[in-house]
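As structure tokens, the structure follows; a few thoughts come after it.
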Amino acid sequence: MSPTYDVIVIGLGGMGSAAAHHLSARGARVLGLEKFGPVHNRGSSHGGSRITRQSYFEDPAYVPLLLRAYELYEELERATGRNVATLCGGVMAGPPDSRTVSGSLRSATEWDLAHEMLDAKEIRRRFPTLAPDDDEVALFEAKAGLLRPENMVAAHLQLATRQGAELRFEEPVLRWEPYRDGVRVHTGENTYTAGQLVICPGAWAPQLLADIGVPITVERQIMYWFQPKGGTGPFVPERHPVYIWEDADGVQVYGFPAIDGPEKGAKVAFFRKGQHTTPETIDRTVHAHEVRAMADHMSALIPDLPGTFLKAATCMYSNTPDEHFVIARHPAHPESVTVACGFSGHGFKFVPVVGEILADLALTGATAHPIGLFDPARLTAPAARGVQP
């Protein structure tokens with residue numbers, strides 16, 4: 001039997017690495033367990049870039065968490081010297097009544113966030129790479145930008161190690177169980193015990209957290225990189241924003257400036273347009289018809305973007321039915337287990353503040369952060385299951 005720890009963290013991707021950092025920063029004896037190597041590309045915390053924004057169309061309830069996350073981006077950069085965030089500005093575009101535009105405006109208004117509303121003519125003037133229809137508008141947020149996911153995970157792992165956390169990679173968790181006054185975790189190599197367990201399973205949530213009763217579906221997501229027709233000059237962060245663009249049919253795409261030099265292009269992707277999958281069966285091959293569909297869609301929005309196709313990569317979303325997160329004490333084991341899952345394709349920008357929340361819950365049983373929206377009871381109550389009382 002290995003030594004007992006204060007807290008074991010299962011999963012060292014975005015959320016788990018942040019939890020390991022915040023827990024160890026508070027003096028806890030932490031063991032982190034990861035199925036793959038550090039900063040791997042098999043889950044949901046890779047791909048070179050993620051959008052961050054405060055005018056949050058999903059729900060205004062997320063905004064206070066984002067304000068704290070932005071503070072933690074800066075702290076992380078100061079503590080590690082790694083580039084984590086580049087706030088190059090962001091455009092949330094589409095028809096005025098689209099969720100992307102109207103929801104972003106709602107959050108910006110409710111929380112008094114700095115923003116500008118642009119009509120199609122002004123969008124084209126400010127950002128010549130973009131070609132909106134005359135009836136489209138955009139909310140521009142100067143504080144939006146991009147995150148470097150691999151850098152953020154590496155920074156949190158670096159700090160956790162510096163603070164004394166023991167991190168074990170290539171050691172998949174087979175199962176866990178309540179044990180005495182805490183938990184016991186079994187891997188293929190050892191059995192570990194701790195007073196508290198934090199589970200950040202990503203796309204492995206259906207296996208590791210089946211007993212919380214939340215139906216989480218895993219979705220295959222594709223990221224594409226194109227070399228623009230005239231080169232990357234007009235697409236550098238100083239000239240081209242991050243964007244989320246919704247069409248009249250509700251299809252959303254999101255994309256980034258060219259951030260990796262003149263030869264590596266710019267990244268774009270559809271948002272939630274993938275097939276259901278599992279971590280074991282996901283198709284990691286990106287097919288020619290998928291590349292064509294992406295290029296065809298973007299040719300109307302950003303005509304110069306789909307010049308030469310460079311590469312593509314897959315990742316996985318873990319979606320809840322309402323697309324809101326699950327962050328809570330485990331319903332069946334509230335005294336010793338904390339869970340974080342179902343980030344539904346929009347969670348990475350919250351990584352540092354989720355780590356802070358998970359440390360609060362594991363060490364004190366509560367958090368001052370507003371997380372009522374993320375209670376799994378909303379999805380497991382009789383009404384959520386379609387059962388009449």
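Every residue, even glycine, has its Cβ placed from backbone N, Cα and C.
Because the structure is a prediction, the values reported are computed rather than measured.
Swiss-Prot annotations:
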type    : residues : note
BINDING : 6-36     : FAD binding site
MOD_RES : C315     : S-8alpha-FAD cysteine
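When the Cα atoms are compared, I10 (FAD binding site) and C315 (S-8alpha-FAD cysteine) turn out to be 19 Å apart. Comparing Cβ neighbour counts within 10 Å across the binding-site residues H22, R26, the minimum falls on R26. Summary for the recorded positions I10, A18, V30, C315: the Cβ-based neighbour count within 10 Å is maximal at A18. Within the group of binding-site residues (D6, E34), the Cβ with the highest number of other Cβ atoms inside 10 Å belongs to E34. Across the structure, the residue listed as 'S-8alpha-FAD cysteine' and R26 (FAD binding site) place their CA atoms 32 angstrom apart. Under the three-state DSSP scheme, V30 (FAD binding site) falls in the strand class. DSSP gives D6 (FAD binding site) a strand state. A18 (FAD binding site) falls within a helical segment according to DSSP. Around G14 (FAD binding site), the same-chain residues six or more apart in sequence whose CB sits under 8 Å from its CB are S44, S45, P149, M152, V153, G347, F348, V351, listed in sequence order.
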